[in-house]
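The structure under discussion appears below in the form of structure tokens.
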Amino acid sequence: MPKISVIGAGNVGATLAQRLIEKDFADVVMLDVVEGIPQGKALDISQSASVLGFRHAITGSNDYAETAGSEIVVITAGIARKPGMTREELLAINQKIMTDVVSNCLKYSPEATLVVVSNPVDTMTYLAWKLSGLPRKRVVGLSGVLDGGRLATFVARELGVNPSAVSPCVMGEHGGSMVVMPRFTLVNGKPLSELVSPEKADELAKRAVNGGAEIVAFLKTGSAFYAPSASVAAMVEAIFLGSGKVMNCAAVLDGEYGLRNIVLGVPVKLGKGGIKEIITLPLDGQENARLQVSAEMVKAQIASLSL
């Protein structure tokens, strides 16, 4: 049976494991360092099989050997962002975690595609790529799928349309410098830039940028996990099924958009083995300038890594 492993059984990891097993295209292994947590959550999820009708198995483990032969490994392990905590402050702790996770995952699944969710995700995706030694297209991070989902929600509410009618385009850092692209965000096929004023577009963009922090402020003791897990599940499905679907993801750039040796959110075509193609949009001067500013933010984070 094909296998997908989820590293980290916190809110994002466990909810993702649930979403993946309900899609029923592969067995799912949920791994965590805390004994009992992945086992208990996997057992709970497995007991919904007769209700939901999925046939594949979900298991929980503390042993990386259980992940052996995974086609895709999703890395959610890391501490959750707390109120007032920036993504940058997560870096030192999550770097150590990522180093251990990548080493163990590739020991048992050397052919796996890595999907990185741990924050700050652009920098963690870069770190996973460097640590793994994998080709750049076999390492991809959560970015614009989630940010775009947030944007689509607010655009849909503003215009009175179904969120599924919005095809969002959010590029750059998954963080405060992310770049919403109104010209490339489509609502029923029409550019957002033609449907709202520049001021309204900026207002919607700011709401999307602050979407994660807004949830953290409400929850007080945690961060978002429903939309993030749904976003990652969509990415995993596109990779596993080889759909060729275009999504905005954190990707290693090598000349695209004039950038090299950096991970940044850009449109990519996902398929078997990870990223099949990086889409280069015809950005105007202002759009490109904003993307370059966002890139500088990520470069500063990458420079602080201990590599």
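Positions of Cβ are set from backbone N, Cα and C atoms, glycine also.
The active site, proton acceptor feature in Swiss-Prot is assigned to H174; the stated evidence is sequence analysis. In this structure, H174 (active site, proton acceptor) belongs to neither helix nor strand by DSSP; it is coil.
Secondary structure at D32 (NAD(+) binding site), taken from DSSP and collapsed to helix, strand or coil, is coil. Taking Cβ-Cβ distances under 8 Å and a sequence gap of 6 or more within the same chain, the neighbours of D32 (NAD(+) binding site) are I7, G8, A9, G10, G13, P38, G60, N62, A77. Taken from Swiss-Prot, the feature NAD(+) binding site applies to G8, A9, G10, N11, V12, G13, D32, N94, V117, S118, N119, supported by sequence analysis.
Long-range neighbours of R150 (substrate binding site) (same chain, six or more residues apart, CB within less than 8 Å of its CB): R207, A208, G211, G212, A227. Mapped onto three states, the DSSP output places R150 (substrate binding site) in helix. As annotated by Swiss-Prot, substrate binding site applies to R81, R87, N119, R150.
Cβ neighbour count for N119 (NAD(+) binding site): 29 (other Cβ atoms within 10 Å of its Cβ, all protein chains included). H174 (active site, proton acceptor) is 9 Å away from N119 (NAD(+) binding site) when you measure Cα to Cα.
Put plainly, the binding-site residues G8, G10 were compared by Cβ crowding within 10 Å, and the winner is G8.
Less than 8 angstroms from the CB of V117 (NAD(+) binding site) sit G8, V12, L16, V74, I75, T76, G141, L142, P228, V232, each of them six or more residues away in the same chain.
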